[in-house]
Ligand code: KIV
Ligand code: NA
């Protein structure tokens, strides 16, 4: 893909593999964009990796608006997608339209919502209003209470059938891409082959049109990295080491040194 601003229309079946990562603020949005990702998700995972919540249910629309604005200010070449948080679309198209509009006005170029055929009618209304939508099937973290944990989905024949049906329903509703989270690789492969929109996978194997990871897992800044994520750096160690040194230097009166202050 040429190094120009990514639009939803740049994400086409067979054009991948597309690289996606989350970012929640201005500096990290700048960095991941410079690294060359195709898409940035302002994910509601921010509740867990940035706000310290046990799950994503406590993330509000105001949280998402604030963080989407910060990411958008970085003016990334990558496409900026914002998650619709818990209960901002489940109540129906009217609420979904209003809430999605707030994310779009905050700088998102598309929104993502969790669920399959049960929310296809909501997706359709958003798409008809000119708001591009990314689907999200497989493990839906916003349904964690009902699922009884962050568990793999799609292991039974019935679940597998539903995943394919969900992907088709979302495709028919007009999504430009579908995230598939934590399903067996063979199932993600079948879903990917069943729809003509790109699938972007997390913990769902290599047979997809793209991959997405949570930034804090990639750089080593999350408390528990899921088994399906890969840690490419240990930023926690670097922060720890830098701040430890700062603590030590202030206590030893080694900081500030001459170059860090002025006299009249
Ligand atoms: O919020 C998030 O980070 C996500 C990705 C895991 C797809 O939805
Ligand atoms: Na999310």
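Positions of Cβ are set from backbone N, Cα and C atoms, glycine also.
Residues or ranges marked as 3-methyl-2-oxobutanoate binding site in TrEMBL: 44, 45, 83, 112. Residues or ranges marked as Mg(2+) binding site in TrEMBL: 44, 83, 114. The annotation active site, proton acceptor is assigned in TrEMBL to 181.
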In Å, how long is the longest CA to CA span across 44, 45, 83, 112, which the record gives as the 3-methyl-2-oxobutanoate binders? 12
Under 8 Å Cβ-Cβ from residue 83 (3-methyl-2-oxobutanoate binding site), six or more apart in the same chain: what's there? 41, 42, 43, 44, 45, 59, 64, 111, 112, 113
44, 181 as recorded positions, winner by CB count within 10 A: 44
Distance check, please: Cα of the residue listed as 'active site, proton acceptor' against Cα of residue 114 (Mg(2+) binding site), rounded to an integer number of angstrom. 10
I'd like to verify something. Among the binding-site residues 45, 83, 114, which ones have a C-beta closer than 6 angstroms to some atom of ligand 1? 45, 83
Of 44, 45, 83, 112, 114, 181, which recorded positions come close to ligand 2, meaning Cβ under 6 Å from one of its atoms? 44, 45, 83
What does DSSP say about residue 44 (3-methyl-2-oxobutanoate binding site): helix, strand or coil? coil
Look up the residue listed as 'active site, proton acceptor' in the DSSP assignment and reduce it to helix, strand or coil. strand
Residues near the Mg(2+) site, 44, 83, 114 excluded, by Cβ within 8 Å of the Cβ center? 43, 45, 56, 59, 84, 85, 86, 112, 113, 136, 141, 142
